[in-house]
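Participant: Just dropping this structure here.
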Ligand code: SF4
């Protein structure tokens, strides 16, 4: 199961790297969904890295998440405002952890 496309309706649990974090957070096990324009479900992300390679405008940066049971780093959408909505990241993510929605 991939990212919930309605995750933006969840309570905002905080801010990180210039973007909001949605849903329950209990680090290092539960990390929520990071980003509003470009949302990455940190609880699904396996650190495949294909989104980082695919993005033409460098929206993502690795964020270390030691102790997380799924992967010890995540593709963090620190530069989501630069997104040009090409959907490359959405299409390459092997676990469908990314949802992109223009503001
Ligand atoms: S939709 Fe395109 S520009 Fe936006 S984050 Fe994904 S790969 Fe980057």
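Glycine is no exception: its Cβ is also placed from the backbone N, Cα and C atoms.
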Participant: Suppose a student reads TrEMBL and sees 16, 19, 34 listed for Zn(2+). Which of 48, 76 should they find annotated at that same site?
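Facilitator: TrEMBL names 76 for this Zn(2+) site.
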Participant: Out of 51, 86, which is the one TrEMBL records at the [3Fe-4S] cluster site of 45, 93?
Facilitator: 51
Participant: For residue 83 ([4Fe-4S] cluster binding site) and residue 76 (Zn(2+) binding site), what Cα-Cα distance in Å is obtained after rounding to a whole number?
Facilitator: 13
Participant: Out of the binding-site residues I have (55, 83, 86, 89, 93), which ones have their Cβ sitting under 6 Å from ligand 1?
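Facilitator: The binding-site residues passing the 6 Å Cβ test are 55, 83, 86, 89.
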Participant: Specify all same-chain residues, apart from the site residues 16, 19, 34, 76, whose Cβ lies within 8 angstroms of the center of the Cβ atoms of the Zn(2+) site, ordered by sequence.
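Facilitator: Those within range, site residues removed, are 17, 18, 20, 21, 35, 40, 63, 77, 78.
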